[in-house]
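Colleague: So that we are looking at the same thing, I have put the structure below in structure tokens.
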Amino acid sequence: MINKTRTTVDQSEIDHFSRIAAEWWNPQGKFRPLHKFNPTRLAYIKEKICLAFDRDPFSLAPFAGLKILDIGCGGGLLCEPMVRLGATVIGADAAQNNIEVAKIHATQSGLSIDYRATTAEKLADKGEKFDIILNMEIVEHVADVDLFISATAKMLKPQGLMFIATLNRTWKSWGLAIVGAEYILRWLPKGTHDYKKFLKPQELKKLLLTNSLKVIDELGITYNPLNDSWNRSKDMDVNYMLLVKRLQ
């Protein structure tokens, strides 16, 4: 049972994303960067899941039979493609406004997704278990990272995979993800990120290890301004992803 006095919810973060929830599905709006790098992270997720679960990536529903949790799902930008690939998906977000937007868009798209306005710790207390857990661009927004990782670790099945995408705590990430993206290019609303919440990969790996999880792959996601594209990279100074599984 998770300590009821602790919470992963940072109310200022919830308020911030609630104010701009209607923008989730506008590719030219406030979530434009997510729309731009979504194909890159989706390709990586699909590749690794198919490899781990011995699925044919060219089949119509390679994720059939897999139960996926997208925690901090926002408007459902990852939930919808996961369902289209055949998975059973629960999308969870602490912001009710995000969940309402996600539900409406899923209905309009004819997709069945179990969206819930809840937190990782509440889901963990219910004993939920998943084949895949997506912690994408959420770690840097929670109030208690230790509790968040502990809660999500409890929900991962023995042979499951966890994907984590977040921002490194470097001067480069401060300059690009905050000064550049929020204040100069205006890609994101001011205040979207708090540099103090960024985690270095080694810090996150240590936290994962204390929860009996290990990193089996890692990569950076970098932006190319020449063709306005995001690509996989060895450069993890700003955006990076970790692929995680249980210690055997």
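Even glycines carry a Cβ here, placed using N, Cα and C.
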Colleague: According to Swiss-Prot, Gly72, Asp93, Met136 bind S-adenosyl-L-methionine; identify which of Arg32, Arg41, Arg169 is listed for that same site.
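Modeller: Site partner of Gly72, Asp93, Met136 for S-adenosyl-L-methionine, according to Swiss-Prot: Arg41.
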Colleague: Check each residue in the chain of Arg41 (S-adenosyl-L-methionine binding site) that is at least six apart in sequence and keep those whose C-beta is under 8 Å from its C-beta; list them in sequence order.
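Modeller: Leu78, Met136, Ala165, Ile221, Met241 - these are the non-local Cβ neighbours of Arg41 (S-adenosyl-L-methionine binding site), listed in sequence order.
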Colleague: Which of Gly72, Asp93, Met136 (the binding-site residues) has the most other Cβ atoms within 10 Å?
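Modeller: Compared across Gly72, Asp93, Met136, the most Cβ atoms within 10 Å surround Asp93.
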